[in-house]
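Annotation source TrEMBL lists region 'Disordered' at 1-23, 160-184. Sequence annotations record features per position, and here TrEMBL assigns transmembrane segment to 64-89, 128-149. Under the heading compositional bias 'Polar residues', TrEMBL lists 165-174. Annotation source TrEMBL lists domain 'Phospholipid/glycerol acyltransferase' at 186-301.
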Amino acid sequence: MESELKDLNSNPPSSKEERPLLKSDSDLAAAIEELDKKFAPYARTDLYGTMGLGPFPMTEKIKLAVALVTLVPLRFILSMSILLLYYLICRVFTLFSAPYRGAEEEEDEGGVVFQEDYAHMEGWKRTVIVRSGRFLSRVLLFVFGFYWIHESRRDRDLAMDSNHKTTSTENNQKGEAATEEPERPGAIVSNHVSYLDILYHMSASFPSFVAKRSVGKLPLVGLISKCLGCVYVQREAKSPDFKGVSGTVNERVREAHRNKSAPTIMLFPEGTTTNGDYLLTFKTGAFLAGTPVLPVILKYPYERFSVAWDTISGARHILFLLCQFVNHLEVIRLPVYYPSQEEKDDPKLYASNVRRLMATEGNLILSELGLSDKRIYHATLNGNLSQTRDFHQKEE
């Protein structure tokens, strides 16, 4: 089967007639089933099937039809109204304020580019932006069907048990410092299942996120992202002095750790989304600074449609999301994880230990797959489905 899939998706013949084809729908189903096993962290297991393309039972078709003419228009209007309202709040309360300009990012054709945001504002204006942002984010989740969000907190001793490699000297030092104010975490780290993760974290703590530079230029969303204090990054360097994503994130983590007025940064160390049952290998960006981190685990139980953004297109995902009357979200908040000296010296060890802790507490399956594997999975799925459509058209 693997050789068949390779033949289908690598070095395809130039002529459509010469292209090898899956013989029937049953062959396609078998091929997709094998792909799903190989790339399990990205496979959809809900009623809507691979890539959200079905097939749908008649009862589900009826439910979708009813929702399309009732829930979808109402939710779309409400969500856009909320987005516009918060944009206006951000516009009014930043109207006479100059954006904070952080360290230079890179050299571009137009000169030096700086990080700009309104998250470093102080005073009542910043309070209004944060509190209204948290409230409206929760309202938006309500509009999307998340009427109740179940949150649980793990015991603080959990983080201490996880640092089993800490020496007795370090333990004594921590004991002496117990009466002092605990260290502020440099970052919040979370598993990544959907774009809805961002809405939840906005409602819970209103942190900064890492985003592409183009996000800061988008209508409405651009200003909101600057009020969040998003770290804008560009994947590819144009200058040999470009410090990259890790360098920029590392600076923000250190700043959040030592400065109470600095915005907290939220990072998804997996680097991409999964179907919610797995935890991928962590990138070390959140752990390079050696500061404490706050782990948060998000789980989306479902009966019909999984809100995980894996193989399904963005437009189809939003449409099906709006069609679900009720959606569910469970949050597990772990205590702040304080790294041992060994973990501070070895960011990979630090990231691995936090990952294993989150997998254990969230009942998640560890996987060594990454973003490149997800792209291969998507490309193979798209190739198989497109060839099957060609096959049926040729038969007709």
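Here the Cβ of each residue, glycine as well, is placed from N, Cα and C on the backbone.
Per-residue confidence over the domain 'Phospholipid/glycerol acyltransferase' (186-301) averages 87 (mean pLDDT, predicted model). If you look at the transmembrane segment (128-149), the same-chain residues 6 or more away from its ends with a CB under 8 A from one of its CBs are 75, 78-79, 82-83, 85-86, 89-90, 93-94, 118, 121, 196, 199-200, 202-206, 224, 227-228, 321-322, 324-331.
Under DSSP, the residues of the domain 'Phospholipid/glycerol acyltransferase' (186-301) split into helix, strand and coil as follows: 37 helix, 23 strand, 56 coil.
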